[in-house]
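Residues or ranges marked as compositional bias 'Basic residues' in TrEMBL: 1-15. What TrEMBL lists as compositional bias 'Polar residues' is 16-29. As annotated by TrEMBL, region 'Disordered' applies to 1-67, 658-678. Taken from TrEMBL, the feature transmembrane segment applies to 128-149, 169-188, 200-220, 226-246, 258-281, 311-333, 418-442, 489-511, 523-544, 556-582, 589-609, 629-648.
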Amino acid sequence: MSHQRASSRHLRNRHGSQNSRIDNIGQQTPKERQEKYDEGANLYPDEDYFDLSDTSEKGGDWSPAALENGAAHKPVQLPPYQAPLSPPPILPSGASTPNHYMTSQGNPVVTYPPPPPTWSNMPNKVQLAILAGSRFVDFFQMAALQTYMVHQLKSFDPTLPDVTISHQAGVLQGAFTAAQIVTSILWGRTADQPTVGRKMVLNIGLVGTGIGCIGVGFSRTYGQAVFWRLMSGAINGTVGSARTMVAECTPKPWHPRAFLLLPAAFNVANVLGPILSGMLVNPVYGFPTWFGPGGTFGGADGVGWMRAYPYALANLISATLLVGEAIIVHFFLEETLKGKRPMEISRFDPVRLVRTAYTHVANAKSRGYRLIQDTQRQGLLSNQEQSIEMDGLAVTGDKNEPRPVQILPFRRIWTPNVLWTLLSIAIFDFHMGAFANLWILFLATPREFIPGVSDAAPDALPLPTKDEQLAVRSAFKFASGLAFPPPTIGFAMAIIGFIGVALQFLLYPWANGRFGLMRCFRGSLFLFPAAYYLAPYIALLPSASPPPSPASGHAVWLGISFVLLLQVSARTFALPASIILLNNSSPHPSVLATIHGIGQACSATFRTLGPVLGGYWYGVWTERGIVGMAWWFTGSVAALGSVASFWVRNGSGHEIFLPGEEGEMKEGETGGGSGDGR
């Protein structure tokens, strides 16, 4: 025991003297420090003179945020004896203290863990706010249209039955995403071009969608409205560009928080869009003191163009927000594409562009195979232990010369993880699109549905007898909706946003930090089928008002809130997770915008099929007296998506390494990705 105490005193004295020497180094001249260092080296020739590490392992105290986001220690090395040695830098609140000091060839080195990512220390807040604003205005115009879409379609031809209106609503809602099927990949590839960049694609989409909103507002026929929605979708490449810029302007430890802003913008738009647009529909009658006959702006007969186009003002609000955001993007948003250079319009030759594209397509296969074989042969001759997937170019020239930006060929981006992620996103977007259409149709369907008769023109056809009107009701066979008018539909839609905003900022951060990205993603998908299976039963809840008046009362609104709580809770976790997983599935950073473009095309495809098929199912089965069948079909598709999610994994965003990226490959082996595998 006495020997142990003596050894302990010896160690404490020795480390204490070392600590004092370290603290006094900053007050010594370079020559004195060199002498002290030589003295210490002579006293302890077999030990590191500046090694103050404790018995903990070298990795130190990693914070949960650092483990979650793949952060690694980064040593900070001071120049040898050129400036007074300062104490370790003051770390942000919550960060661990430095782990140890050591010397590397006489150079003092301090290693400490990175600070945990928080909202307060998130970089590029202004840029992220502008990008979130771009998603807000895009979601706003979609939420606004959904509020009055059914009633605007009925205004085109009041004699059409509700079954036809259901089909038209599905086509009108799907037209926007149908055009994106073709153009999303093209916009993604365009955003990767150094002469175009992400910012220009984002601006083009905002302005073009604003023009489309104006066209829809002043449409007089169903065909005109479909045309303007197709045009808006074709020119809208904002989703892929915004997601790519969020990923590029934010370090990976902050990705879970940064990507949370996009669905948060979606939820805020779902609050404001339906409420504002529902209030502004038919303003001559909604605000008679301002726009009606004898009103402030109305004149003798009211505002003429508002009487002729009762849905124009709501669309003009959406267009104004889109153009205003485009101005902000133009002047204040910074381009994130590396190697961006100005576009030279004078040198643009469309004929040469088409010829070059055809030549690349014709020779891509043979050129790719030949050059891949050459580069792989070089790798084998250099005795590399790990094979590296090569690009279509071999490494040549001096290593000190700056290498041009390498782009992964399009044919090599289809990794298994990319395909599984796209499949999961496809199913997710299908039932999300179907829900958006089914929910609007269900809210607007009459309380006592009469096959073949529209509630907009009940006198157009002879009414059936009382016994024919009342369809036989059972637990599965009933054909009733809620008969809500546009303002009430807007409020019911706003509940989605209210619940989403609360869950997004209160539940999501805690649950994501507690259970991890993958567990939250997979678990949330099981809530979608439950919400869809229960939704049609809201029509059977007791109402305070008898049919055919709109449904009302506490039971009805509690049922609406419960179903939306399930659906929005699932979406709160699934939507940001799907964005992060798609971003991390990218096999190479050079094709990040392309991956987001493909994801947007996949999303657009199934967001088109979802409303169209959902509307078709709803019209057909409501005519047969089973309004819930469309909901139950959609719930079954959502259940398949829950199973498919178990084959999706959280990637690193850089799985294929091109020539000259061996160093990045080694860094990726030690720690990469923006999330754990849980």
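Using the three backbone atoms N, Cα and C, a Cβ is placed for every residue, glycine included.
Nonlocal intrachain contacts for the transmembrane segment (556-582), taken as residues 6+ away from its ends with a CB within less than 8 angstroms of a stretch CB, comprise 243, 255-256, 259-260, 262-263, 266-267, 421-422, 424-425, 428, 432, 435, 482, 492, 495-496, 499-500, 503-504, 507-508, 511-512, 517-518, 520-521, 523-528, 530-532, 534-535, 537-538, 541-544, 595-596, 599, 648, 650-651, 674-675.
Remote same-chain partners of the transmembrane segment (169-188), defined as residues 6 or more beyond its termini with a Cβ less than 8 Å from a stretch Cβ, comprise 142, 145-146, 149-150, 153, 201, 205, 222, 225-226, 229-237, 239-241, 433, 436-437, 440-441, 593-598, 600-601, 603-605, 607-616. A contact between the transmembrane segment (418-442) and the transmembrane segment (589-609) is present, since 3 or more of their C-beta pairs, 6 or more residues apart, lie under 8 Å. Long-range Cβ contacts of the transmembrane segment (589-609) within its own chain (Cβ-Cβ under 8 Å, at least 6 residues beyond either end) map to 174-175, 177-182, 184-189, 191-192, 198, 233, 237, 239-241, 243-244, 247-248, 337, 405-408, 410, 413, 418, 421-422, 425-427, 429-430, 432-433, 582-583, 653-654. Between the transmembrane segment (200-220) and the transmembrane segment (311-333), the number of CB pairs under 8 angstroms, six or more residues apart, is three or more, so the stretches are in contact. Sequence-distant residue pairs (6 or more apart) of the transmembrane segment (489-511) and the transmembrane segment (226-246) include fewer than 3 whose Cβ atoms are under 8 Å, leaving the two stretches without contact. Listed by sequence, the residues of this chain that lie at least six past the ends of the transmembrane segment (523-544) yet keep a Cβ under 8 A from its Cβ atoms are 428, 431, 435, 438-439, 442, 447, 473, 478, 480-482, 515, 551-556, 559-560, 562-564, 566-567, 569-574, 577, 627-628, 631-632, 634-636, 638-639, 641-642, 645. When Cβ-Cβ distances below 8 Å are used as the criterion, the transmembrane segment (128-149) is approached by residues 122, 169, 172-173, 176, 202, 205-206, 209, 213, 216, 236, 238-239, 242, 245-246, 249-250, 258, 261-262, 264-266, 268-270, 272-274, 276-278, 281, 311, 314-315, 317-319, 321-322, 324-325, 328-329, 332-333, 436, 440, 486, 489-490, 493, 497 of the same chain, each at least six residues removed from its ends.
Among residues of the same chain six or more beyond the transmembrane segment (311-333), those with a C-beta under 8 A of the stretch's C-beta atoms are 126-127, 130-131, 133-134, 136-138, 140-141, 144-145, 147-148, 152, 155, 199, 202-203, 206-207, 209-211, 213-214, 216-218, 245, 273, 276-277, 280-283, 305.
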